[in-house]
Structure formats: C-alpha cells, structure tokens
Amino acid sequence: MGTAGDYESQRRVPVPPPKPFLKSLQTNLKETFFPDDPFRQFKHQPTPRKLLLGLQYFVPILEWAPRYTFDFFKADLIAGITIASLAVPQGISYANLASIPPIIGLYSSFVPPLIYAMLGSSRDLAVGTVAVASLLISSMLGKVVSPTENPKQYVQLVFTATFFAGLFQASLGILRLGFIVDFLSHATIVGFMGGAATIVCLQQLKGMLGLVHFTHETDLVSVMRSVFGQIHQWRWESAVLGCCFLFFLLLTRYFSKRKAAFFWINAMAPLTSVILGSLLVYLTHAEKHGVQVIGHLKTGLNPPSASDLAFDSPHLMAAIKTGIIIGIIGLAEGIAVGRTFAMFKNYHIDGNKEMIAFGMMNIAGSCTSCYLTAGPFSRTAVNFNAGSRSAVSNIVMATAVMITLLFLTPLFHYTPLVVLSSIIIAAMLGLLDYEAAIHLWKIDKFDFFICLGAYLGVVLGSVEIGLIIAITVSLLRIILFVARPRTIVLGNIPNSGIYRSMEQYPIANNVPGILILQIDAPVYFANASYLRERISRWIYEEEDRLKSAGESSLHYVILDLSAVGSIDTSGISMLEELMKSVDRKGLQLALANPRSEVMKKLDKSKLIDKIGQGWIFLTVGEAVSACNFMLHTRKSTRVAQDNNV
C-alpha cells in the first residue's frame with residue numbers, strides 16, 4: 001500500500017528516553033500521594049529551619065500566631081461569642097438526637113475546637129457536632145445496644161465509635177489518602193444530606209408531639225407508622241409550643257437572608273428560643289402538663305473517658321463500622337464547607353491537614369467525653385458572617401462553652417425538648433437544597449438521578465442504605481467513564497488545517513477516503529475490548545455511508561491519541577488486533593499525536609515496527625496530508641498505467 005515515509009514534510013514522533021524503573025515509580029507515587037508537593041518549602045533550607053517548617057506544617061497555629069494582631073482578636077472575639085450562642089443549644093439538641101445525655105453535646109463544643117484551632121488550616125471553619133452524624137450514631141448503635149435500657153454501655157460505644165472515626169480520619173491524612181473522600185461526588189452529597197435532613201426532621205416529630213415511645217428505625221414508613229399509630233398520645237401543648245418556636249426560627253432566617261446585616265438575628269435565635277422556652281416552662285410549670293424538659297445537667301468540665309473506650313465489647317465491630325461511616329460523613333461535610341468559605345476569602349486549605357486535624361480532635365474528644373465533631377455548615381456560615389479572621393474564634397467559642405459548663409448548666413434544667421426539636425428542624429431545612437437538585441437536573445441528568453437515588457435510599461431505606469447507594473452509584477459512574485470511553489469522529493473545519501468533532505461542529509467536513517477517530521480516554525484492560533468493537537463499528541458505518549452515498553471508498557483510518565494519557569498491555573493488544581483487522585479490509589491504520597507513555601509502550605512492544613514509523617504522525621493534520629498524498633500518488637500511478645495500456 002506504500003509508506004507515508006515518502007511524504008517529505010512529515011516530522012517523526014520521537015520515543016522518549018527510557019527512565020529507570022525506580023525513578024518512574026517515585027514519580028508516580030509522588031503524583032498520587034503528594035500532588036501539592038509539600039516538601040518544596042524544605043529545599044535549600046538549613047536543618048533548624050527545616051525543623052521549624054516541619055513543626056509549622058503539622059501545627060499550623062505556630063505559623064500564623066506570630067502575625068496575629070489585636071484587630072484580628074477583636075473580630076474573632078465577636079465571632080466566637082456569636083457561634084457560642086449557637087453552639088450551646090445545637091450541642092444539646094444534637095446530643096438528644098444521638099440519644100446520649102445532653103451534657104455530652106456541650107462537652108463536644110469545648111475540647112475539639114481547641115484541638116482544631118491548633119491543627120486546622122481553615123480560618124473560618126467552626127467546629128461542632130453535626131446532625132447527620134448524630135442520627136447515624138443513634139440509628140446504627142441503637143440497633144445493638146438500647147440507649148434507654150443500657151445507657152452506660154451505649155455511651156461507651158459512642159465514645160468508641162468516635163475514637164475509630166478519628167483514627168480513620170487521621171490515618172487518611174497521614175497516609176495522604178484524602179482523594180478517597182473525593183469519590184463522594186457533589187450530587188451524591190446533595191442527595192444524601194437532603195435525605196438525612198428529611199429523616200432528622202421526621203424524627204423530631206417525637207419531640208414536637210410530646211411522644212414518649214418512638215421507633216428507632218429511620219425510614220419514612222416506620223416513622224409515619226409510629227407517629228400516626230399514637231394519635232391518642234399526641235400532646236397539643238408540645239405541638240403548639242413547637243410550632244411557635246419553629247415559626248420564630250424560620251422567620252429570623254428569612255430576615256437574615258433578606259439582609260446580610262441581620263445575620264446575628266438568625267445566629268442568636270436558637271439561644272433566644274432556649275431562654276424563652278425555659279422561662280415559659282418555669283413560669284407556667286408546663287413540665288407538669290406533659291411538656292418534657294431536659295432536666296438536671298452536671299456542672300463541671302469534661303471528665304476523662306479513655307477508660308470507657310469499649311475495645312473488649314462484643315459490639316466492637318458495630319462501633320468500628322459506625323466510626324468509619326460517620327468519619328467519612330464528617331470529613332466530606334467538613335472539608336467541603338471549609339473549601340467553600342476559603343474560596344470566598346481567596347485562600348487554600350490543605351485537605352490532608354484537615355483530615356489529620358479532624359482525626360486528632362475526635363481521638364482527643366473520645367478520651368474527654370465528647371462524641372463526633374466536624375465542621376457544620378450552619379455554624380461555619382455564622383462564623384464567616386460574624387467576621388472571623390482566624391481559628392481563634394473557635395478558642396473563644398470553647399471558652400464560652402467552658403464558662404457555661406462551669407456555671408450555667410443549671411439554667412437549662414427547664415429547657416423543653418420541643419424547643420430542641422424546633423432548633424433541629426430549622427437547621428435541617430437548610431440542608432434540603434432543592435435549588436442544587438434543580439441545578440443538577442438542568443446541567444447533568446445522570447448526576448440528578450444519582451442525587452435522587454441517594455435521597456430515596458436514605459428516606460425509604462435507612463441512612464446506611466442511602467450511603468451505600470450513593471457510593472455505589474458514584475463508583476459505577478466512574479467505572480462507566482473508564483469502561484466506556486467516548487470515541488469521536490473528527491472532520492475538517494473549512495479553510496483550515498484544524499480537525500474537530502463533527503457532532504460539536506456541524507460545519508466540519510468528512511475527508512474523502514479517510515476516517516479520523518479520536519479516543520477520549522486512557523486505554524486499559526477495562527475498555528480495550530469495547531474500543532476494539534466500537535472502532536470496528538465506526539469503520540463498518542463509514543463504509544456503509546460511503547457506499548450508499550456513492551462516494552469514494554475508505555482507504556485510511558487515523559486514530560487521534562492526543563487524549564490517551566496512558567495505555568496498558570491490553571490496550572497494546574487491542575491496537576495490534578485492530579491493525580490486523582484493518583489490514584484484512586485493505587485499509588491502512590495511522591496514529592496521530594501519541595503521548596510519551598503510549599510511545600514508550602508501542603516501542604517496547606515492537607508495535608511501532610509493525611505499524612511502521614512512517615504511519616505515526618505528530619498531528620492529525622499531518623496524518624491527513626500524508627494520506628491524501630498517498631491517495632493522490634496512487635491515483636496518478638493508476639492513471640499512468642491506464643494511459644500506457
């Protein structure tokens with residue numbers, strides 16, 4: 001069929017020089033685990049300086065504290081006091097949601113924020129308990145140990161699960177495995193968090209209606225059955241009180257959204273609700289008329305709980321499973337929230353540092369009577385709007401909570417549980433991000449159905465089922481992207497040497513006698529067979545099209561490999577089989593713009609010799625020119641032969 005080597009202007013595609021295996025392995029590991037190159041700051045530094053930089057890397061407060069000013073402190077003081085007013089009622093509410101004593105919710109807003117302030121890289125993240133993790137703890141651990149029948153054993157399992165959550169989080173950060181959390185896509189998180197928020201709201205009907213007995217299941221059917229199966233036990237006093245406070249909380253949120261300067265109204269609303277509710281119950285003795293109250297709260301700081309970690313418990317595996325799941329949820333929410341607010345202030349947070357910080361604060365928390373803490377969106381938004389300048393706002397919040405623990409806990413004795421339910425419902429309604437779901441529907445229908453699947457899995461099944469569905473569908477989509485890469489037919493943009501997708505550019509024209517295909521992904525064992533079949537089908541379809549249109553027959557197939565970053569042995573075998581298949585049809589295969597890794601594999605497998613160096617081109621344009629040259633040469637030869645005859 002001739003060789004394109006006769007085409008004079010062709011530039012050869014070089015084979016990159018070989019790189020030693022260990023050097024190549026080192027490069028690959030660095031790109032996988034250290035994409036941000038944290039070691040660059042240590043280059044050309046004396047040993048004492050390296051030690052200081054290393055210490056500052058793992059304890060960021062040592063890096064920014066010397067530059068801290070009094071103006072920063074004034075801003076952080078206001079922000080810290082503001083988020084403390086939110087932390088106290090939320091801490092008590094979420095502890096109630098997790099079926100643990102309310103005081104543990106307050107403990108969890110004291111020690112963990114101090115740890116995060118030293119180790120965290122976000123200036124805006126406000127640390128505290130989160131509703132979804134609280135619900136997960138209650139639903140998962142409540143199945144193995146009853147929080148009402150065995151409260152001590154249940155609390156020990158909660159501390160143990162928190163310890164393993166922290167261990168898992170810190171391990172991901174230390175081992176530089178933070179990319180694992182990225183497998184939870186935005187669509188997955190929106191659906192899962194929305195479903196969890198729905199279930200949390202439904203669970204609060206127990207408090208809103210003053211019910212004593214309630215299902216431990218979290219699915220919609222079980223909750224509705226439990227609610228409507230006890231209509232005769234509904235307490236109208238609790239319902240009226242709850243609806244009033246919920247209306248108040250939603251009204252304050254509405255005004256704060258209408259005008260940003262009113263954010264403090266929304267921030268103070270939960271604490272105001274607790275104070276007003278407590279006064280109302282105290283003055284009217286409503287606790288004697290069916291309104292449930294918190295009751296006695298211990299005074300004093302966090303007691304040590306390292307001895308309560310139940311490593312020898314028969315339910316240890318349940319605690320480990322719960323810990324890993326709540327650890328993932330805590331990381332996904334906390335890092336996403338931290339990155340969102342860092343973007344607003346144009347600075348960067350280190351995901352691996354955040355994982356270490358989250359892990360260490362939960363390990364320390366599990367040993368000081370705390371349960372899982374993360375970076376809840378509501379509290380961080382208040383911290384941001386209050387003008388926080390650094391993590392010192394967390395220290396101020398922890399100090400305010402410490403004062404509360406030492407002196408103010410008796411004041412919460414008469415706080416009605418229905419107010420806590422109202423606070424939780426108001427917070428959870430903010431997680432029902434229907435606008436994000438509509439946005440997903442407009443942009444990517446597949447992402448929308450991932451979101452919907454995660455939501456329905458949580459609401460109709462359980463939180464665990466929803467999480468499994470969310471992760472499975474996300475992984476399935478990744479597998480589909482890898483296993484079914486796109487192949488695109490390229491055409492020539494008129495009056496240019498540019499070749500683009502004919503689907504995207506309708507003005508692009510077919511090149512007579514030549515089929516140009518672009519493979520849009522790396523070629524691996526998972527997609528090699530599919531690509532062979534799909535490329536063969538493109539050839540069949542092109543031949544049929546040319547035949548039906550009465551145009552000149554197909555002579556050349558050009559594969560544009562510019563998007564193929566790497567190829568494995570299965571991919572090499574696929575190209576070899578494709579070359580043989582094309583050759584049997586009397587066609588010629590040409591490759592355009594193979595990347596360095598592909599050229600190395602082609603060279604080592606001797607496939608370059610089989611295809612022919614003359615059929616490997618630097619650009620699609622050069623490949624087309626060479627093929628046209630060969631077609632013209634062949635046509636001229638045939639005409640000359642006919643004339644001689």
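Placed from the backbone N, Cα and C atoms, the Cβ positions cover glycine too.
Annotated in TrEMBL:
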TRANSMEM  72-88  transmembrane segment
TRANSMEM  100-119  transmembrane segment
TRANSMEM  125-145  transmembrane segment
TRANSMEM  157-177  transmembrane segment
TRANSMEM  183-202  transmembrane segment
TRANSMEM  234-255  transmembrane segment
TRANSMEM  261-283  transmembrane segment
TRANSMEM  324-344  transmembrane segment
TRANSMEM  356-374  transmembrane segment
TRANSMEM  386-408  transmembrane segment
TRANSMEM  414-434  transmembrane segment
TRANSMEM  446-476  transmembrane segment
DOMAIN    504-627  domain 'STAS'
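Contact check: the transmembrane segment (157-177) against the transmembrane segment (125-145) gives at least three Cβ pairs closer than 8 Å, residues 6 or more apart, which meets the contact criterion.
Remark: the transmembrane segment (414-434) makes no contact with the transmembrane segment (72-88), by the rule of 3 or more CB pairs under 8 A. On the 0 to 100 pLDDT scale, the domain 'STAS' (504-627) averages 91 in this prediction.
Each residue in the domain 'STAS' (504-627) gets a DSSP state, and the totals come to 66 helix, 22 strand, 36 coil. Pairs of Cβ atoms less than 8 Å apart link the transmembrane segment (183-202) most often to 446-476, out of 72-88, 125-145, 446-476. The stretch in 72-88, 100-119, 261-283, 446-476 that contributes the largest number of Cβ pairs under 8 Å to the transmembrane segment (386-408) is 72-88.
For the transmembrane segment (72-88), the list of distant contacts is 106, 109, 126, 128, 264, 267-268, 270-271, 274, 378-379, 382-383, 386-390, 392-397, 399-401, 404: same-chain residues at least six beyond its ends, Cβ to Cβ under 8 Å.
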